[in-house]
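Worksheet: one structure, shown below.
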Amino acid sequence: MTAQLEYPDIDDDNALLSIQGLWKVFGPKAQRVPRRPELAALDRAALAAKTGCTAAVRDLSFNVAPGEVFVVMGLSGSGKSTLVRCLTRLIEPTAGSLIFEGEDLRAADEKRLRELRRSKFSMVFQHFGLLPHRKVLDNVSYGLEVRGESKPDRRRRAQEVIDLVGLAGNEHRYPDQLSGGMQQRVGLARALANDPDVLLFDEPFSALDPLIRREMQNEVVRLHREVGKTMVFVTHDLSEALKLGDRILLMRDGAAIQLGTGDELVGAPADDYVRDFVRDVPRADVLTLRWIARAPRDGELLDGPELGPDLLVREATRLVLESDRPVKVVDGGQLLGVISPEEILAVVADPADSHWSAQSSVRPTD
Amino acid sequence: MAAITSDVHVEVRRPRRSVVIGVLLVVWVAAYFVLSGIDTLPLGGQETTGFHRWLTENRDFVGQGNIVFDTIRSVVDQLVVLLQSLVSQPSYGRPVPVVGWLGVVAISAYLAWAFGNWKVAVLTAAGLAFVGLQGLWQESMDTLALTIAAVLLSLLIAIPLGIWAGLSNRAFKVATLILDLMQTLPTFVYLAPLTLFFAIGPAAATIATLIYAAPPAVRLTAHAIRSVPPESVEASRSLGSTRGQTLTKVLLPMSRSTVVVGINQTIMAALSMVTVAALIDAPGLGQTVLKALQTLDVGVAFNAGLAIVVIAIVLDRVTTAAGDRPWRTASVRRKVLLGAGAIGVLVAIWFSRTYVWAAEFPSSIGVGSRIAVIAADVTTWVQDVFGGFTYGVRDAVTKGVLNPLEALLTGSPWWLVGAVVVTLAAILGRWKAAVPAVVCIGLLVATGVWQDSMVTLASTLLATVVVVAVGLTLGVWAGRNRRVDLVIRPILDAGQTMPPFVYLVPFLALFGTSRFTAIAAAVVYAVPVTTKIVADGIKAVPLATVEAANSVGSSSWQVISKVQLPVARRAITLAVNQGLIYVLAMVVVGGLVGAGALGYDVAAGFAQSELYGKGLAAGLAIVLLGVLLDRITQAAAPKPHGKGDKQ
């Protein structure tokens with residue numbers, strides 16, 4: 001049932017983290033499920049009825065590029081939190097391979113795994129997972145403490161990241177004296193303190209109220225710009241996914257439904273589930289002109305203004321509507337198509353009714 | 001009123017079951033009139049069976065010669081002696097303990113302050129001074145020394161076990177099973193078999209206390225470890241902590257306050273058991289109460305009982321304050337104060353080792369004897385004024401209810417009672433209850449104390465009916481009304497922290513020595529736990545459910561009978577179960593004040609060596625009664641639906 005995934009794939013050589021055929025099955029004798037094709041093919045209810053097992057992650061394969069923000073999205077119960085825990089084997093995967101910088105993580109022993117967790121990976125949790133009996137400073141330096149760094153070193157480093165995430169002045173307070181947003185900043189600082197290569201986020205902002213959530217999302221965008229870490233970000237919030245993600249993996253019942261950039265998900269949904277999922281997205285904010293350009297009709301004047309294909313529809317709206325002739329979408333001197341007000345209006349005016357896809361852009365909207 | 005509700009509700013649920021039970025009881029009564037006096041298995045006070053004599057003869061063989069038990073006993077003994085010589089008994093060639101009263105008060109108050117707060121420190125100093133003024137300093141210190149020894153050993157065993165059960169699912173299941181079983185056994189029954197292994201004296205008392213007091217600490221430690229948010233553990237693992245680091249830096253610190261609650265319960269249980277252990281010759285306040293009870297000296301018993309209550313309150317408040325204290329690094333000011341306090345304590349200890357007035361509690365102030373005299377006077381006055389009334393109530397209940405019930409149980413042939421009990425178990429819980437019932441009845445007959453068991457059962461059943469009626473009424477009231485709950489709960493808490501002995505004292509004054517006294521004491525002893533469980537069950541009914549019932553215009557009575565009681569049914573069954581076990585324990589202790597039967601058999605077994613075997617058999621019979629009642633009430637509980645265990 002894995003959809004045909006069409007996305008600019010990162011080849012295995014460039015990938016920082018490469019996941020192949022990953023499975024996580026809970027239940028009795030879980031190993032047999034990925035091994036036996038007739039079990040692997042069963043859907044959730046049938047598998048539970050037949051074996052008593054639940055496949056939280058089923059046969060996932062993807063690569064994460066260095067410096068990328070890779071978002072895993074799905075509704076609750078889709079297996080996304082299990083997936084992100086499998087990446088550092090906080091939950092032991094049932095089958096598949098995990099390659100990080102050319103090293104097979106599934107072959108790593110306890111000790112090597114600890115080393116990797118101490119220096120290469122960090123995780124930020126939905127409910128923060130702070131230690132209530134430690135001050136902010138000691139929470140942040142916890143990772144440094146368990147890897148045996150000296151007290152002055154970890155103080156200095158902890159102070160650095162506390163300043164970085166905007167917590168300065170709160171070093172000696174306890175978590176329960178901080179607001180939710182501030183607590184998650186502590187979680188973020190703790191994850192950054194050991195200077196990891198990969199930051200894993202498990203729905204970090206779901207427990208926060210909307211204003212704080214937006215503020216924290218901006219914080220992540222800023223941190224990504226400043227420290228340039230690779231991030232794997234789990235969320236159930238589509239607008240968060242679209243805002244943060246370079247690429248988005250959409251999961252359902254443990255399996256991948258679609259993997260692509262935000263505008264690919266909105267512009268070319270792989271199936272009705274994805275289409276339904278992205279229905280309420282303000283499409284003008286996500287789709288670029290590439291998605292709505294159509295072939296020029298016979299006799300149309302092609303001397304209108306030119307725009308690039310990666311411009312958002314919203315940004316082009318005014319120009320197109322004010323222009324008295326179709327706007328040309330040009331990529332490197334090559335004409336991709338034209339846009340007239342009707343294409344813009346189809347996106348902006350009635351997004352719930354029109355099903356935009358790569359195909360629908362060439363046929364008239366209904 | 002509440003009892004009626006439960007009947008209504010049972011009828012609504014399964015009308016046929018109650019009809020069947022009613023028919024069964026009618027048939028039993030009818031059969032009693034025909035068969036009474038046949039096969040009743042009587043056994044006189046000094047009579048014994050072959051089984052009892054065998055136990056008596058083999059007493060030394062199992063107990064004293066065995067090297068394992070002897071080693072354990074001598075180690076525990078040494079610990080107790082060490083603690084006693086520190087605070088209570090003349091030691092190391094001096095006529096006074098190593099630390100005199102001033103030193104003990106200073107150390108206790110300091111610890112209360114350091115772990116709790118200054119309020120409980122003042123309470124501690126005042127409480128200890130009070131028991132000193134009562135003239136019970138040495139007895140109190142003996143009790144304290146035994147309690148501390150038992151608590152130390154309990155925690156040494158319980159906390160690692162609790163951690164293990166917290167970390168491993170399998171260990172948790174096994175531990176829960178064993179602890180559940182241990183909690184169904186009344187306190188009193190540990191004593192009898194233990195004397196077989198460890199002889200009588202402080203060591204056996206400490207070990208009995210240890211067994212009784214360890215379970216809450218195991219349970220709460222395991223619970224605490226298991227309720228640490230999984231994300232905190234994951235966060236720790238995700239940063240590369242080893243298992244040891246996760247345990248010491250995350251799990252244990254985050255479990256601290258719950259573990260302290262467990263320690264609190266362990267201490268309270270230990271204190272209560274140490275006083276009861278006077279029955280096997282443990283020194284301390286229990287001994288004073290016991291001797292006074294045996295000579296019917298209510299004044300002295302009250303004085304010593306009061307000392308036990310004071311110590312219980314002090315220990316409870318201090319450990320509660322320690323649990324509530326937030327785990328924060330001490331401020332500089334507090335550190336300085338703590339240091340100054342420590343110096344003060346050292347000075348006090350030095351005083352108590354140098355001057356006699358600070359070593360031996362001054363005996364010139366006889367508050368204790370005055371309390372005893374007043375208590376005795378009040379008792380006489382109460383007996384004079386209310387004697388007619390209370391004795392009248394006693395006689396009415398005894399003649400009207402207790403005697404017929406007892407006659408029915410003891411006068412019926414044993415096989416008839418057995419058949420009725422097994423049928424009842426089968427109706428309530430099918431084979432799951434019927435099989436244990438058959439086994440328990442069979443073993444009860446084998447113990448040779450069948451008739452005494454039936455006397456005890458009669459008192460237990462009567463007291464339980466009262467306990468359930470009162471507990472349900474109070475519990476529903478407190479569960480529905482926050483203000484009532486606020487008032488009642490501290491009283492119930494206080495009631496639960498008191499050692500069972502203490503309850504007997506006022507009832508002895510009111511009702512003299514009789515079975516009724518034990519029943520009344522058992523009711524007061526068991527009502528707090530029953531009420532609390534019912535109140536918690538009623539409070540746990542979702543607010544939305546109650547609001548929904550109100551929104552369709554139900555009266556309060558309808559809300560209680562149709563919504564709150566049915567939804568809280570599991571809690572109510574548990575309340576009945578716990579009420580029964582508590583009552584049984586108290587009825588047995590009541591054997592000391594003329595309730596006779598099994599309690600008396602056990603007590604006589606300690607006192608007279610030729611009755612040792614019979615006492616042991618009676619102890620066994622108590623366990624069997626406890627298991628029987630527990631199984632039947634548990635089986636009557638509705639099963640939880642839908643076991644959706646999520647991995």
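Cβ coordinates come from backbone N, Cα and C, glycine included.
Residues or ranges marked as domain 'ABC transmembrane type-1' in TrEMBL: B:140-319 (among others).
What TrEMBL records for B:453-633 (among others) is domain 'ABC transmembrane type-1'.
Taken from TrEMBL, the feature transmembrane segment covers B:19-38 (among others). Proximity of distant same-chain residues to the transmembrane segment (B:19-38), defined by a Cβ-Cβ separation under 8 Å and at least 6 residues beyond the stretch ends, is recorded for 407-408, 411-413, 416, 420, 423-424, 427.
Beyond the ends of the transmembrane segment (B:98-131), by six or more residues, the same chain brings 85-87, 91-92, 137, 140-141, 307, 310-311, 313-314, 317-322, 325, 338, 341-342, 344-345, 348-349, 351-353, 358-361, 367 to within a C-beta distance below 8 angstroms of the stretch. Per TrEMBL, transmembrane segment is recorded for B:98-131 (among others).
According to TrEMBL, the feature transmembrane segment maps to B:143-167 (among others).
Sequence annotations record features per position, and here TrEMBL assigns transmembrane segment to B:187-213 (among others).
Residues or ranges marked as transmembrane segment in TrEMBL: B:259-280 (among others).
What TrEMBL lists as transmembrane segment is B:292-315 (among others).
Residues 96, 98-107, 110, 113-114, 330 of the same chain lie 6 or more positions beyond the ends of the transmembrane segment (B:336-358) yet place their CB under 8 Å from a CB of it. Annotation comment: TrEMBL describes B:336-358 (among others) as transmembrane segment.
Annotation source TrEMBL lists transmembrane segment at B:412-428 (among others).
The annotation transmembrane segment is assigned in TrEMBL to B:433-451 (among others).
Counting same-chain residues at least six beyond the ends of the transmembrane segment (B:457-479), those with a Cβ under 8 angstroms from any Cβ of the stretch are 1-3, 5-6, 401-402, 405-406, 408-410, 485, 488-489, 515, 518-519, 522-523, 526-527, 530-539, 560, 564-565, 568, 572, 575-576, 579-580, 582-584, 586-587, 590, 595, 597, 625, 629. Residues or ranges marked as transmembrane segment in TrEMBL: B:457-479 (among others).
Taking Cβ pairs closer than 8 Å, the transmembrane segment (B:579-599) reaches residues 183-184, 186-189, 276, 290, 293-294, 449, 452-453, 455-456, 459-460, 463-464, 467-468, 471, 500-501, 503-504, 507-508, 512-515, 517-519, 521-523, 525-527, 529-530, 618, 621-622, 625-626, 629-630, 633 in its own chain, all 6 or more past its ends. What TrEMBL records for B:579-599 (among others) is transmembrane segment.
TrEMBL lists B:611-629 (among others) with the feature transmembrane segment.
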Near the transmembrane segment (B:292-315), which same-chain residues lie under 8 Å Cβ to Cβ, leaving out any that are not at least 6 residues past its ends? 112, 120, 123-124, 127-128, 130-131, 134-136, 139-140, 143-144, 147, 267-268, 271-272, 275, 285-286, 368-369, 371-377, 379, 494, 497-499, 501-502, 504-506, 508-509, 513, 592-593
Six or more residues out from either end of the transmembrane segment (B:412-428), which same-chain residues have a Cβ under 8 Å from its Cβ atoms? 17, 20-21, 24-25, 28, 31-32, 35-36, 38-41, 434, 436-438, 441-442, 445, 450, 454, 628, 631-632, 635-636
Can you tell me which parts of the same chain pack against the transmembrane segment (B:433-451), counting only residues 6+ beyond its ends and a CB-CB cutoff under 8 A? 40-43, 48-49, 51-52, 410, 414, 417-418, 421-422, 424-426, 598, 601, 614, 617-618, 620-621, 624-625, 627-628, 631-632, 634-636
